[in-house]
Amino acid sequence: MGACGSKGSTSDKGLASDKDGKKAKDRKEAWERIRQAIPREKTAEAKQRRIELFKKFDKNETGKLCYDEVHSGCLEVLKLDEFTPRVRDITKRAFDKARALGSKLENKGSEDFVEFLEFRLMLCYIYDFFELTVMFDEIDASGNMLVDEEELKRAVPKLEAWGAKVEDPAALFKELDKNGTGSVTFDEFAAWASAVKLDADGDPDNVPESA
């Protein structure tokens, strides 16, 4: 996994307490479907799926995707909104990161669009941000997009199941709460989770490369 987020500004509720009407079983089934829906693998079959998926996203047939096309494709083609109400936030993070990195690759790519060269990269980031969102929402019991110290302490078994070693929950909270506000944002959690390589699904990603 490799993703870092910006400050969570969305007001959408988290998934942890089923405030969006989904139960744990529903989320697990949706998560498995999304794993199958996003062709991230470096295989000929997955690449062919990406070619077909790119064409479905590229409604204007320009050979490049603007953000609105990416967001629309994630809703209409991949149906990622079945998983979380925060699709726009997740896809925007992934789109921005992929196009920024893609524009630096051999001076190719566009600053405003994602081309096929960056498409797999973007899909990997979408998957990463979904995984980070799953973990954060499981910890954020209140659904307010902030994790307090008590929520973190209660989540220690989950953190350890995802691969973290937590010997001192209080010390970990101080480490995560970089600005000392008394709560941990999605951005702070995502940076730490990526650094320690937390894995919610047991399927570690390869380092994203070109299409």
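Each residue, glycine too, has its Cβ placed from N, Cα and C.
Annotation comment: Swiss-Prot describes D58, N60, T62, K64, E69 as Ca(2+) 1 binding site, evidence class sequence analysis. Summarising the annotation, Swiss-Prot assigns Ca(2+) 2 binding site to D140, S142, N144, E151 and lists a curator's inference as the type of evidence. Feature annotation from Swiss-Prot assigns Ca(2+) 3 binding site to D177, N179, T181, S183, E188. What Swiss-Prot records for 15-29 is compositional bias 'Basic and acidic residues'. Summarising the annotation, Swiss-Prot assigns domain 'EF-hand 1' to 45-80 and lists sequence analysis as the type of evidence. Feature annotation from Swiss-Prot assigns domain 'EF-hand 2' to 81-116. Look at Swiss-Prot and you will find 127-162 tagged as domain 'EF-hand 3', backed by sequence analysis. The domain 'EF-hand 4' annotation in Swiss-Prot covers 164-199. Taken from Swiss-Prot, the feature region 'Disordered' covers 1-29.
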Same-chain residues six or more away whose CB lies under 8 A from the CB of E69 (Ca(2+) 1 binding site)?
F57, D58, K59, N60
On a C-alpha basis, identify the one among N179, T181, S183 that is nearest to E151 (Ca(2+) 2 binding site); the candidates are the binding-site residues.
S183
Please compare the binding-site residues N144, T181 by how many other CB atoms fall within 10 Å of each one's CB, and tell me which has the fewest.
T181
Does DSSP put E188 (Ca(2+) 3 binding site) in a helix, in a strand, or in coil?
helix
Sort out for me which one of N60, T62, S142, N179, S183 has the most neighbouring CB atoms within 10 A, since those are the binding-site residues we care about.
S183
Helix, strand and coil residues within the domain 'EF-hand 4' (164-199) as assigned by DSSP:
18 helix, 2 strand, 16 coil
Got a sec? Which of these binding-site residues, D58, D140, E151, D177, E188, has the most Cβ atoms within 10 Å?
D140
Between D140 (Ca(2+) 2 binding site) and S183 (Ca(2+) 3 binding site), what is the CA-CA distance rounded to a whole number of Å?
11
May I ask which of the binding-site residues T62, K64, S142, N144 is closest to E188 (Ca(2+) 3 binding site) if we compare their C-alpha atoms?
N144
Residue counts (helix, strand, coil, in that order) that DSSP gives for the domain 'EF-hand 3' (127-162):
25 helix, 2 strand, 9 coil
According to DSSP, collapsed to three classes, what secondary structure does D58 (Ca(2+) 1 binding site) have?
coil
Between S183 (Ca(2+) 3 binding site) and N144 (Ca(2+) 2 binding site), what is the CA-CA distance rounded to a whole number of Å?
11
Measure from the Cβ of K64 (Ca(2+) 1 binding site) and count the other Cβ atoms within 10 Å, all protein chains considered.
19
